[in-house]
Amino acid sequence: MSASMAPQAHPRGIFHKAGSLRAERRWALWSAYISLVIAAIIMLAPPFYMLLTSIKTSAEIADLSGNPWWVNAPTFENYWALINNPMFRGFFYNSVKVTIAVVAISMVISVLAAFALGRMRFWGSQFLATGVFLTYLVPDTLLFIPLYQIVGGLGLLDNAWGLVLVYPTLTVPFCTWIMIGYFASIPKELDEAALIDGANWMQMLTRIFIPVALPGIIAATIFAFTVSWAAFVYPTAFITSPSEMPMTIGVVSQLIRGDTFAWGQLMAGALLAALPPVVVYAFLMDYYIAGLTAGATKG
Amino acid sequence: MTLPLILVIGGLVAWPAGYAIYLSTLNRRMTEFIGLTNFEILLESDSFRMVIFQSVFFAVTAVILKALIGFWLAHMLHHIPTKGQRKWRGMLLVPWVIPPALSTLGWWWMFDPSYSSINWLLNIFAVPSVPWLGEPWWARISVIIVNVWYGAPFFMIMYLAALKSVPEALYEAAAIDGATSWQRLRYITLPMMRNIISITVLFSLIVTFANYDIVRVLTNGGPRDLTHVFASYAFQVGILAGNIPRGAAVSLFMFPILGVIAFFVLRGINKRNREEA
């Protein structure tokens, strides 16, 4: 009360100061919530609209007179059509196959490499660690043409296993990099104690490093999963027959036919394809974020 | 133990990169060495100069917008009580979790000339419909909108992590000294976050510059090849038109620019590591 009644003659009075500080806080809180609400509406509008479209009938989608942001007769027929479509199930199966293989390969390679780079000091280890990071900065769009030739030379073009060969270029560098960070944070005393007890390097890795750095390993696994599930450049370049396509390119290229798009099915397909990463992230968001922020800020 | 790693880096990154340089010096049928002719032809063509302009314009505009929006959102998230932050953060991160090729499909549908739900909303407020993907400048803006929508959440979490690492005591001291909120931002927050801001911006510049998914799905380079970026043009020339050497040359144009950015990223990270050590 005294704050608002502070006389103009003493604008620097302590009461006035305290009152304006509180008002400033309240104003900041309000503006924060308002901005967040607006931002959330904008961020969620496209997926929400995709969901709306996917549960509309084709007739309702084609009807220009109604409100596009509303659905009058919700139906799951688009989803049913896709789930009963063997081609679409094939996309899903290919994505799962490729992603599992890529995640397994990337994690084995990067945990071993990070352990070696983080703990065994050997000639060139510093150089190699920098190399790993630089590789992470090389985008896939720079390499897809030479890789197209190389994969073609190996006879793996138009084959989902060819993707398993090239996706590690996207996943391994970053996974290794964050694992180095996590392993480096494990106190030296732990492995010295293990060495004294007669453990060899491999035992040290499996008994100490992997359990202690588990959050980092989970983060790296989610990263590898997300990246190989969402990969787009390599499959568009390498895969041409629908039977070998993973989800991303399958939905984009095969559900679009002719001039009239089956928008309902297209949106249903896109949402089904986006579901696995969204589910994983809903449960493991904190690990993922911790891994990413550690990766980009600490190294 | 690092052998598999070396194989991946050497065999799947370094070797293809070198191979790309070799490829780019061949003629169309890959039978003859023609030196730098591919690069010369590209630089002389108007459509490729447009690609250079579009790539730079797209990357710079999108990254600046992403950084500003990300910083703003991180700040707003930081202001609200910690208990609610997780929920809001989760909602705001949704665009970044959906594979971009798929969410861009949704945007494409929202931009559709006759059914555009965005135009429908604009019409409510008596704003005339916008030819989103039909007119070059609007198509460029559309690509940028989608990229900003997809990428701003990444900046948000990076900046939020950075904001949380600024010691609260600094702000208390500043408050006692009577600093305004602008002064606190200018003299405490920004200097403390400078390194992360620059690393994130540079890193995002690389990713945005090399972006492919959004352009491919949204405009496929159209209208009249005016929204192509390096990656989509390289794809067009190299894979679709079957001129592999020329395509390799197109993507190699990205290399020096990315190299310079990578150098600064690495420097920023080394500096940061030294500060922490």
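For all residues, glycine too, the Cβ spot is worked out from N, Cα and C.
TrEMBL lists A:27-49, A:91-115, A:127-148, A:160-184, A:205-232, A:262-284 with the feature transmembrane segment. Sequence annotations record features per position, and here TrEMBL assigns domain 'ABC transmembrane type-1' to A:92-284.
The transmembrane segment (A:205-232) is in contact with the transmembrane segment (A:91-115), judged by 3+ CB-CB distances under 8 Å for residue pairs 6 or more apart in sequence. Each of A:91-115, A:127-148, A:262-284 was scored by its Cβ pairs under 8 Å to the transmembrane segment (A:160-184), and the highest score goes to A:91-115.
Residues of the same chain lying 6 or more positions beyond the ends of the transmembrane segment (A:127-148) and with a Cβ under 8 Å from any Cβ of it are 113, 117, 157, 166, 169-170, 172-174, 176-177, 180, 231, 233-234, 237-238, 299.
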